[in-house]
Each structure stands twice: as C-alpha cells, then as structure tokens.
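J.: I have a structure here, written as structure tokens, and I will follow up with some questions on it.
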Ligand SMILES: [Co+2]
C-alpha cells in the first residue's frame, strides 16, 4: 500500500476513534472496530484506540498538527528501524577502515551514514569476537538506539530482562535460544540517556560471497542487541 493510502486509512480511522471518544460507549467502540476490521486484518487494541481517541481530541482542539504526527509515525514505521543498524554492520563487514572508525568512535562513523538522531546521539559500537559476546540492556528504563534499531521491543523494557541481563546473562541468553560457551566472555553494556550501544555481530559462516546490501539483509535486530547471533 502506498504511503498516501496509509494516510487516508489513518484519517478514516481517526473518525472512527472520534466516535468512540465522544460517546464513551462500548457499542460505539465495537462498531468502530467492526468498521475497521473490514479494511484491516486486526482490530486495534484498547490502548491503540485510546491513543487514537486522544490524538483526535488534541487535533480538534488545535493542540497538535496531524500532519506532524503522520510524519512521526511514518518515520518510525517505515524509515527508522533495525534496517539502519544493519547497514552499519554490513558496511563494517566489507570495509575494514570503516569498521576501525566505527569501533573507535561509533557516533562519528554512524554519522558518516547519516544515521544519528534523537535517542541515538552518542553511540558506542561493541564487537562480538570468538572470545567476547556483547549484550546490551538498560537496567534503569529502556534506553535504546532508536535511529539504528527503531523502537525497543517489549521484552527489552521488561523488568525481568533489565534485572537479569546483568545478574545472569548466560541464563537469559539461553532463554533467547542462544548458548554461549563458558570460554566466551559475556560483556553486558548498560545503556543510558547519554550513551547507546550497538553490537557488531560476527559475520555469519557462508556469507563470504555476499555483497554489502545482501549482508545487510541477514543482520537481525536481536543480533545487534546481543540476544542472538547470525
Ligand atoms: Co534507560
């Protein structure tokens, strides 16, 4: 679907949400959802509906500009995400000079690709090797490098992951299906508002003949957080 098509759908949906917000009636909300189900596979969750209703009210009171909201949503839905981090990783794999710059000064090297931004102004890149496996967490909240990885997954924000990643990283990784041998050191990096981390995973076996863009396609979000390998 084109971007314009999405925007039209979004507008249509806002009208449905407005009905729900104004009436505060479960019947009105379920009608809005039924209407929406005709166009979309999944009806929105209750929280999504509340957000949309709030957006509608703010828009009607001229407190927010809906075109600005559309721009923000489009940015995080379509343009900012792990595909950006994957570009950084793939470039580091094929360009050893770039890799050296990336590990020396992540912020500058990611800036070379124009991939810095809000919630990712100061970046440190840590390299997985045969001896060291890196894992990123934010023990305090959910600091995460938005420009290179998009928005953090739910489990990253969970109190269980935040607490246990530091205390028992090997057990946590095992639960993600990743067995790290006892000989491999696990380094856990605690993100802050000032410093965000990106893991440079090891290039997978059998990827020797791939070009940079093919390599970018095999890099996963989880491998750049450190809960998976490639
Ligand atoms: Co945080």
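Numbering starts at 1 and runs along the chain as displayed.
Any Cβ shown, glycine's included, is placed from N, Cα and C.
Remember, it's a predicted structure, so these values are computed and weren't measured experimentally.
Sharing the feature lines straight out of TrEMBL:
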- 138, 141, 142, 143: Fe(3+) binding site (BINDING)
- 46-228: domain 'Nitrile hydratase alpha/Thiocyanate hydrolase gamma' (DOMAIN)
J.: Return the residues near residue 141 (Fe(3+) binding site), defined as same-chain residues 6+ apart in sequence whose C-beta is under 8 angstroms from its C-beta, sorted by sequence, else 'none'.
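T.: Long-range Cβ contacts: 157.
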J.: Taking 8 Å from the centroid of the Cβ atoms of 138, 141, 142, 143 as the cut-off, which other residues in that chain fall inside it around the Fe(3+) site?
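T.: Near the Fe(3+) site, the remaining chain residues are 139, 140, 144, 152, 156, 157, 162, 191, 192.
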J.: Restricting to the domain 'Nitrile hydratase alpha/Thiocyanate hydrolase gamma' (46-228), report the mean pLDDT as a whole number.
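T.: That region's mean pLDDT is 93.
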J.: Could you tally the C-beta atoms, other than its own, that fall within 10 angstroms of the C-beta of residue 138 (Fe(3+) binding site)?
T.: 21
J.: Go through 142, 143, our binding-site residues, and report the one whose Cβ sees the most other Cβ atoms within 10 Å.
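T.: The largest 10 Å Cβ neighbour count belongs to 143.
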J.: Per DSSP, to which secondary structure element type does residue 141 (Fe(3+) binding site) belong, with helix, strand and coil as the options?
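T.: Its secondary structure by DSSP: coil.
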